[in-house]
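Listed in Swiss-Prot:
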- 1-190: region 'N-terminal' (REGION)
- D3: site 'Required for receptor phosphorylation' (SITE)
- L4: site 'Required for receptor phosphorylation' (SITE)
- D10: site 'Required for receptor phosphorylation' (SITE)
- 54-175: domain 'RGS' (DOMAIN)
- 191-455: domain 'Protein kinase' (DOMAIN)
- I197, G198, R199, G200, G201, F202, G203, E204, V205, K220: ATP binding site (BINDING)
- D318: active site, proton acceptor (ACT_SITE)
- 456-523: domain 'AGC-kinase C-terminal' (DOMAIN)
- 558-658: domain 'PH' (DOMAIN)
Amino acid sequence: MADLEAVLADVSYLMAMEKSRSQPAARASKRIVLPDPSVRSIMQKFLEKSGDMKFDKIFNQKLGFLLLKDYAENVSESPCPQIKFYEAIKEYEKMETPDERLTKAREIYDHHIMVEMLAHAHNYSKESLQHVQYHLLKQNVPPDLFHRYVLEICDQLRGDIFQRFLESDKFTRFCQWKNLELNMQLTMNDFSVHRIIGRGGFGEVYGCRKADTGKMYAMKCLDKKRIKMKQGETLALNERIMLSLVSTGQDCPFIVCMTYAFQSPDKLCFILDLMNGGDLHYHLSQHGVFTEQEMIFYASEVILGLEHMHNRFVVYRDLKPANILLDENGHVRVSDLGLACDYSKKKPHASVGTHGYMAPEVLAKGVAYDSSADWFSLGCMLYKLLKGHSPFRQHKSKDKNEIDKMTLTQDIELPNEGLSKDCRDLLEGLLKRDVPDRLGCRGKGPTEVKEHPFFKDVDWQTVYLRRMTPPLIPPRGEVNAADAFDIGNFDDDEVKGVKLQDGDSDLYKNFNIVISERWQNEIAETIFEVVNQDADKAESKKRSKQKIKVAVEEKDSDVIVHGYIKKLGGPFTSAWQTKYGKLYPSRLELYPESLTAKPELVFMDQIEDVCAEMQTIKGETAIIVKLRDGFKEPKICLTNSDEISLKEWHTSLRTAHKVSQELLQRMGRKAIKIYGVNHDPMLSESERPGSVTRAFLNRASSVDSGV
């Protein structure tokens, strides 16, 4: 029965992989629904405050670029050829060979430069034109040939085109997507978990599928009780920090990166790139030792992975074949950053890693080190790929102390036969015991390793684009991992007496994260167009039913903020009711959700206070608006599942109330100076609420632009 279950788990996993590979969106079992377009009001303020309303911030986000492109090509009344020009250049920059680049460069010149020159519409500098012409004449086509044009294209786009985009519905759609991203709270329900594919000291790794996009990932689940039992909290949090460091910004195809991290009451979960091809240790045992030509491939991709880490001041500290994972096409990524360390502010001293791969300075007590440790480990790993064992396990010794002693004291004697001169020189350079003499530590970092004669035939751009041919391609249609029975299970009795306290939860309060760039790429590759089409239909249908229109409130009135918000109301004020709120300097208007009736009005002088701290009311974080005596309710409670909107409403309400109070106090003092008493003689007794302030607000509200 166990064998049958294992087979069924493998079949289910492989089917999910195949469908995710061809049509990931078709595998989505959960639909994304974008927030209402009114969220633009909130998001525009939020983006302005965070400095993210600038052209570069939006243009360099995947979804921002796609929506700006959509506006330029399908909405803008004036032609916008810059986008296609930009995309052609980006395609050129990814070309592998000089011949490919030359063909593409000539195509770009003919279709985007010459055509505009003939039409006297080439609005770019003479220097950019001459630079391209000169290099094309020489048939010299470096990847950055059109870099000057890219800068000028961006300068043109950030002008009138970008300003018109910000006033369009496409920017509203960007606000909707960004709001969705920033409010994401993942749980286990957002993933379909498949078979186990690995196990570590604190937990297991599973194959999984993201429910709303159909994309396959690896889910690394760490058990909080097991972490507590082994006092591994620092290690778990460090892995989360290191993964976010290497996963943010420019993507690295040679590191197993993280897209999400979230937690359940008993688990810490990392959502990582899924690698289906097994690890180099496994393939070394199956394939046997590699030739130098085969080893060059793995060395080149691993070097680019290390370069990515070192550029972010991260030292990996655990480089070995078992941590180098293959994808289904045979390309590799460095995995498991549990021992990685940020050395930007303080260099580490700890002796951590795997015996036989640790550098002498790591083994030496109290010695500070940095990226130097990884270059030594690289030498050890490459030696093992060529010879089948670590250079410090000549006699297959398993005595850790003996291995460490050899690492600290023994000069490596490379065999005379079986190694080329360049390969021997590379390994000797990487395995130097003295850090200043070691290759990679002489002042130029990864560059001096890449420039070593052993890699003289390597085109590093080709390596980066993953177009170098792998020496080994894992078998398709197989799960390249041990079966669940062999991987085994943890003994639950080990953690039976471990109790999680409130203080344990506090340790992980900042654990959750969404890596923006990677989430946006996932959306763009899967469901972006489908969700946009569904949202367009739903919004059009909703607008047709609304009797009260709220179009472009920001421009047509002095509304401070508007959008959907929930108010505690109903019988016995026991239920949260959805309202459409509009905040003006003098009042708060709360419309029914359908926008089919007049609003409930709350004037600023009726408000005693907007509490500085939000409170938990009926399980929701709520804004508390205290009202003055005589009002039918002692307070108004407002909430929103959208955390950004809730904070912006809270800030705006407090600010509006404070400003109105200051204004009313000034008006009161003026009345005393003019009339000698604190009242307005223009009001009758029936109109006077007790001070001049209400009269002022009533008159002010009559001139506010309403609905």
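Glycine is no exception: its Cβ is also placed from the backbone N, Cα and C atoms.
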Overall pLDDT of the domain 'RGS' (54-175), taken as the mean: 94
Spatial separation of D318 (active site, proton acceptor) from R199 (ATP binding site) - C-alpha basis, Å: 17
Which same-chain residues, if any, lie at least 6 apart from V205 (ATP binding site) yet have Cβ under 8 Å of it: I196, I197, G198, R199, A218, M219, K220, C221
Surrounding CB atoms that lie within 10 Å of the CB of G201 (ATP binding site), all protein chains: 12
Structural state of G201 (ATP binding site), classified by DSSP into three states: coil
Which same-chain residues, if any, lie at least 6 apart from D318 (active site, proton acceptor) yet have Cβ under 8 Å of it: D336, G338, L339, A340, V352, G353, T354, Y357, S377
Among I197, G198, R199, G200, G201, F202, G203, E204, V205, K220, the record's ATP binders - longest CA distance, Å: 15
Secondary structure content, the domain 'PH' (558-658) (per DSSP, counts of residues): 22 helix, 48 strand, 31 coil
Helix, strand and coil totals (DSSP H, G, I; E, B; other) for the domain 'RGS' (54-175): 90 helix, 0 strand, 32 coil
